[in-house]
Amino acid sequence: MNITVAHVKRKLMRITENDYIAGAGARLPRRRRLFLALLLGLMAAFGPLCTDTYLPSLPVLAADLSISTATTQLTITACLLGMALGQLFVGPLSDSTGRRKPLFVALMFFTLASVCCAAARSGNSFIALRFAQGLGGAGGIVLARAMACDLFRGAELTNFMSLLMVVNGIAPITGPLLGGWLASMAGWPSIFYFLTGFGVLLIVLSALGLPETLPQGMRRDGGLRASWTAMGALLRQKPFMCYVGVQGFTMGGFFGYVAASPFVLQGMYGLSPKTYSILFGCNALSLMFFAFGTARNARRLGEARLLRIGNTLRAVACLGVLAVTVVTPASPVPLLIGLFFMIALQGMTLPTSFTLGISAQNVGAGTASGILGVSVFIFGALTSPLVGLAGGGTALPLGIVCAVTGVASALLGYVGDRELKKLRESSGAEAQP
């Protein structure tokens, strides 16, 4: 049988662009939804793939490019900065132009920057190219979420975002392993050739199986200027900003854990790098497990209730981490248990707070996704240095950061729930004749 590209495209795009109206994703066949979850999940994984895959090769890269350890760390910072700024630009722009055009530009930009990173021969050029790579990756991250918002609403969005988190959770586990293997086999440039191939794969899959999810009639008029105006209005919406805070504080605690855990668990408690890597992977698996459970229970319990449960339990776990770091027991087991549940419960709080944040705004999913996305990097940049203020001989700063971010996330979730109820009640009253 002669199978053409057009035939494959028709098979993947069983639903036309006109069918992609708000909430229409709930009517998609199961296989189609799984394909979208896989494709959009891979796009959302740009963050960990861009950072985690080349972490094992940092010492070799520094020696090859003749740069210092501090300059090597700047290559990570540049990529994260590009991802943060890119989301604030691409997200609002897509509310005016649609999703597909900026997506393909971003994917091509990422692919080109990746192949150039592999060919870089100086520290300054490599830092600049990493920033460009982050900008391109930001498009995939923010547009994956925006497309999900175009297709799903309410519990269905929570369900789908949880599935994205399951797919996305694979990257932090496999990234360092894959990067270490590639670097040992063919040198650090091979990691960026792999990322180039990853970008090409996403371009092909998107071209074949990802229609426009924001029809012309649902786009914002006025171009980028109107998008920036809408962003300013959104920043003044109290319910939405509460859920931005939930996302930010949750991930702020996570970044604090990532920054401090190697020094605490290996330096203070003497865990080997291999044991630490296994424990890190187990925590990532626990997050995926809880995200899958959230997807299964979103329709039955509702996202607001799931967020309350998740935030409360996570705050207790974070306070437990603080208590352990104050007492400093000889065994790391109590600390590991607290950190395990702190990370795992993000599988409940992140998808639900995202859904509630989207439901609390009316200016555009791209703009809202951009703000929600950049909050993660802002809070992460603030908390990561804090956990090292007291040096490597104590875990107390980690406990304080975990406790503050966990309690703040729970409180903001409570306030956001109350403000969202007020917003819905006032909207319902205005709609009555």
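Backbone N, Cα and C atoms are what each Cβ position is placed from, and that goes for glycine too.
If you check TrEMBL, you get these features:
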type: DOMAIN; residues: 33-421; note: domain 'Major facilitator superfamily (MFS) profile'
type: TRANSMEM; residues: 34-55; note: transmembrane segment
type: TRANSMEM; residues: 67-90; note: transmembrane segment
type: TRANSMEM; residues: 102-121; note: transmembrane segment
type: TRANSMEM; residues: 127-148; note: transmembrane segment
type: TRANSMEM; residues: 160-184; note: transmembrane segment
type: TRANSMEM; residues: 190-210; note: transmembrane segment
type: TRANSMEM; residues: 240-264; note: transmembrane segment
type: TRANSMEM; residues: 276-294; note: transmembrane segment
type: TRANSMEM; residues: 306-327; note: transmembrane segment
type: TRANSMEM; residues: 333-351; note: transmembrane segment
type: TRANSMEM; residues: 363-382; note: transmembrane segment
type: TRANSMEM; residues: 394-415; note: transmembrane segment
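For the transmembrane segment (160-184), the neighbouring stretch richest in Cβ pairs under 8 Å, chosen from 67-90, 102-121, 190-210, 276-294, 394-415, is 276-294. With a cut-off of 8 Å between Cβ atoms, the residues of this chain six or more beyond the transmembrane segment (240-264) that come close are 234, 276, 280, 307, 311, 314, 318, 335, 339, 342-343, 346, 349-350, 353-354, 356-357, 360-361, 368, 371-372, 375-376, 378-388, 392, 395, 397-398, 401-402, 405-406, 408-409, 412-413, 415-416, 419. Within the same chain, the transmembrane segment (333-351) packs against the transmembrane segment (306-327): three or more Cβ pairs sit under 8 Å, each pair at least 6 residues apart.
Looking only at the domain 'Major facilitator superfamily (MFS) profile' (33-421), the predicted model's pLDDT averages out at 86. Distant neighbours of the transmembrane segment (34-55): 12, 25, 28, 61, 76, 79-80, 83, 110, 133-134, 137-138, 140-141, 143-145, 147-148, 151, 160, 163-168, 170-172, 175-176, 178-179, 182-183, 188, 191-192, 194-195, 198, 202, 205-206, 209-210; these residues of the same chain sit at least 6 beyond its ends, with a Cβ under 8 Å from one of its Cβ atoms. Same-chain neighbours of the transmembrane segment (394-415): 242-243, 245-246, 249-250, 252-253, 256-257, 260-261, 264, 268, 307-308, 311-312, 314-315, 317-319, 321-326, 328, 335, 338-339, 342, 349, 353, 379, 383, 386-388, counting only residues six or more beyond its ends whose CB sits under 8 Å from a CB of the stretch. Ranked by the number of CB pairs under 8 Å to the transmembrane segment (363-382), the listed stretches 67-90, 102-121, 190-210, 276-294, 306-327 are led by 67-90.
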